[in-house]
């Protein structure tokens, strides 16, 4: 059959109601600004305060930089389309957005697992922490997370970009995600779906299990603390971290660890907002603003 090459896609977004679009634009713009300011604040404070140059805060600085890149991959284009009459994105722009979204999302999984491991060593093996988590170990774990994340995005993006897209080019989503692109393709997507499912299963499930096991071991160690106040403070911090991790992995696993991509478009968009818009805002709040050492360093710099 004749296949017409698609040079651009039209993003349907959330709603065609102008008043609703203005409201969504305002809400998402405020969230985006708070996310950028919060994460840049973390990067600045950790860089300027010598007492925060430990591996834990360096990992946090990596995560904050990642969140700035991750949310910027999706939100600015989404905001522009909420106000634009022609909500379009070029084919190459769509593939670039898809690649950065997958790569940065995978990198976040690796970083969260590494940060959980770092907390496990600090709480459960405090006497050996200094010799185990050295500057060299931190560098290897941080750089390894970024490098593996960069390579994780290549295969899914390559397979999606090689699919045929016919004259119908309406993407029922607010960004170029895997699911709506597979639905839009007029090629046989069986192999592509299988490969993406297996890769998603390996990355998300493995990282989530490693993170979960680390925090479970931390909680078991906390229960052995004789001091009630020390037990409460440590448990509060870990439970907050675990909450963010659960929200992020829960939404990602529900979206991508499925044999078929037949989730309704409205539910797809709602779930996607959680891990593309909300989670990047929660991370600076949970990981730093509830941390006494960080708050003291922030007050000192201010």
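Indices start at 1 and increase along the chain as displayed.
Placed from the backbone N, Cα and C atoms, the Cβ positions cover glycine too.
If one looks beyond the transmembrane segment (22-43) by at least 6 residues along the same chain, the residues whose Cβ comes under 8 Å of a Cβ in the stretch are 14-15, 60-61, 64-65, 67-68, 71-72, 75-76, 78-79, 82-83, 277-278, 280-281, 283-285, 287-289, 294, 298. Per TrEMBL, the feature transmembrane segment maps to 22-43 (among others).
Here the domain 'G-protein coupled receptors family 1 profile' (38-287) returns a mean pLDDT of 85 for the predicted model. Marked as domain 'G-protein coupled receptors family 1 profile' by TrEMBL: 38-287.
Positions annotated as transmembrane segment by TrEMBL: 63-84 (among others). Counting only same-chain residues 6+ beyond the ends of the transmembrane segment (63-84), those with a CB under 8 A from a CB of the stretch are 11, 13-14, 21-22, 24-25, 28-29, 32, 35-36, 38-40, 42-43, 97, 100-101, 104-105, 107-108, 111-112, 115, 174-175, 276-277, 280, 283-284, 287.
What TrEMBL lists as transmembrane segment is 96-117 (among others). Using a Cβ-Cβ cut-off under 8 Å and counting only residues 6 or more beyond its ends in the same chain, the transmembrane segment (96-117) has close neighbours at 56, 59-60, 62-63, 66-67, 69-70, 73-74, 77, 89, 141-142, 144-146, 148-150, 152-154, 156-157, 160, 175-178, 181, 203-204, 207-208, 210-211, 214-215, 241, 245, 248-249, 252, 275-276.
Annotation source TrEMBL lists transmembrane segment at 137-158 (among others).
Below 8 angstroms of C-beta separation, residues 106, 109-110, 112-113, 116-117, 119-120, 123-124, 152, 155-156, 159, 178, 231, 234-235, 238, 241-242, 245, 249, 252-253, 256-259 of the same chain, each at least six residues beyond the ends of the transmembrane segment (194-223), sit close to that stretch. Sequence annotations record features per position, and here TrEMBL assigns transmembrane segment to 194-223 (among others).
Sequence annotations record features per position, and here TrEMBL assigns transmembrane segment to 235-257 (among others).
Note on the transmembrane segment (269-289): residues 14, 28, 31-32, 34-35, 38-39, 41-42, 45, 60, 63-64, 67-68, 70-71, 74-75, 101, 105, 173-175, 177, 240-241, 243-244, 247-248, 251-252, 254-255, 263, 295 of its chain, located 6 or more positions outside it, place their CB under 8 angstroms from a CB of the stretch. Among the features that TrEMBL reports, transmembrane segment is placed at 269-289 (among others).
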